[in-house]
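Engineer: Straight from TrEMBL, here's the annotation block:
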type     : residues   : note
ACT_SITE : K42        : active site, proton acceptor
MOD_RES  : K42        : N6-(pyridoxal phosphate)lysine
BINDING  : R140, M320 : substrate binding site
DOMAIN   : 251-378    : domain 'Alanine racemase C-terminal'
ACT_SITE : Y272       : active site, proton acceptor
Amino acid sequence: MDVLTVPPVTHAQARVDLAAVRHNVSLLAEHAGGAELMAVVKADGYGHGAVPVARTCVAAGAARIGTALVTEAIALRDAGITAPILAWIFTPGERPDEALRRDIELSAGALWAIDEIAAAARRTGRTAKVHLKVDTGMSRAGATLDDWPALLQHALAVQAEGSIEITGIWSHLACADTPENPVNERQLAVFDQALRIADKAGVSSGVIRHIANSAATLTLPAARYDMVRPGIAIYGLSPAPRHGDFGLRPAMTLVARLSSVKRVAAGAGVSYGHTYVAERATTLGIVPLGYADGIMRAGSNRLEVLAAGRRRRIAGRVCMDQFAIDLGDDPAEPGDEVILFGPGDHGEPTCQEWADQLGTITYEIVTKIGGRVPRIHIGGR
Ligand SMILES: *Cc1c(COP(=O)(O)O)cnc(C)c1O
């Protein structure tokens, strides 16, 4: 990584290290064994920038790209991503024509979805590539085992007309972040049963079978099948923190520059509600990021950042656009860089530490970093 290529921080930036993404993809590919890797870049690449991340993952060996929404998949295609893309959320009334014209694969877990996709195929003259979704116990999208034979029959009938091609059968695990949970084995058993039913119904053996998210890719070899679908681990965040970091490297460093530094007298109340009061005369630094940028208000008087060489707790309430830190008598100037979280290399908190402090998961923190924070990609090739 060439430091000189890093654009200067204006008020703040989310620095995304694509070399870390490459490292994580290689590590996941090792865990995947012979299974293909689908890099999940929904929600703007978990807040990291979907297009540069997708490009990096494909260059690092990911065979496919996964998104939640059809619109996300379309944006990737229009940005020049040529790898196969699957979008798995499909809502009634959605017109998948644009997706089919861009060779985007879709998921169907109900009869109406097959019908809507087939109608779009007829309108566009394309054959829709469809992954049939079975609900093995997550109780989110997909056909339950009871409804599965009817879904298969319908899909096969529509396939015979040439409107769709069944290219995958898939499901999603509810408890993969606790590998010891017996629910995982139960879901895999239901998945195997669904695959046997599909085989008997005459679905060709060439379909891609997939169920594993990051946690399953790293901890449940039996869940690999033909393809794995890691998301969070690509970004270097552990999908099962109680089981360690798996050698993943966090890609995002969130930095900002102090917008104000000033002395205040003992007894000064800080920010809304004066929930922090300076015990003695001190220096306050203002960080120009707030809850509108994804710095959760629950982090008031709780989260730490690295500023002027030390960890400092957020002082007082997080506002919409800024928060304060108490610098004591340490020297600091407006424009000094503050690291909110990162890989931890410089003593800064990690996203995992923030998640633990907030009682949430890292997924929520990185996906909430707002649109006002520029994403700067470094370590690209
Ligand atoms: C988000 C998502 C993934 C990736 O999950 P991670 O826990 O981030 O690895 C995989 N599959 C589906 C269906 C998802 O919604």
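Even glycines carry a Cβ here, placed using N, Cα and C.
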Engineer: Just to verify: the residue among K42, R140 with the fewest other Cβ atoms within 10 Å, which of the recorded positions is it?
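Structural biologist: Lowest Cβ count within 10 Å among the recorded positions (K42, R140) is R140.
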Engineer: Return only the integer: C-alpha distance in Å from Y272 (active site, proton acceptor) to M320 (substrate binding site).
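Structural biologist: Cα to Cα, Y272 (active site, proton acceptor) and M320 (substrate binding site) are separated by 11 Å.
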Engineer: Calculate the distance in Å between the alpha carbons (Cα) of K42 (active site, proton acceptor) and R140 (substrate binding site), and round it to a whole number.
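Structural biologist: That comes out at 17 Å between the alpha carbons.
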Engineer: What three-state secondary structure does DSSP assign to R140 (substrate binding site)?
Structural biologist: coil
Engineer: So what sits near M320 (substrate binding site) in its own chain, CB-to-CB under 8 Å and at least six residues off in sequence?
Structural biologist: G290, Y291, A292
Engineer: In three-state terms from DSSP, label M320 (substrate binding site) for me.
Structural biologist: coil
Engineer: Specify the secondary structure state of K42 (active site, proton acceptor) as given by DSSP, simplified to three classes.
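Structural biologist: Where K42 (active site, proton acceptor) sits, the three-state DSSP reduction gives helix.
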Engineer: How many other Cβ atoms are found within 10 Å of the Cβ atom of Y272 (active site, proton acceptor), counting all protein chains shown?
Structural biologist: 13
Engineer: Going by DSSP, how much of the domain 'Alanine racemase C-terminal' (251-378) is helix, how much is strand and how much is coil, in residues?
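Structural biologist: Taking each residue of the domain 'Alanine racemase C-terminal' (251-378) in turn, the totals are 24 helix, 46 strand, 58 coil.
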Engineer: Can you work out the mean pLDDT of the predicted model over the domain 'Alanine racemase C-terminal' (251-378)?
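Structural biologist: Overall, the domain 'Alanine racemase C-terminal' (251-378) comes to a mean pLDDT of 98.
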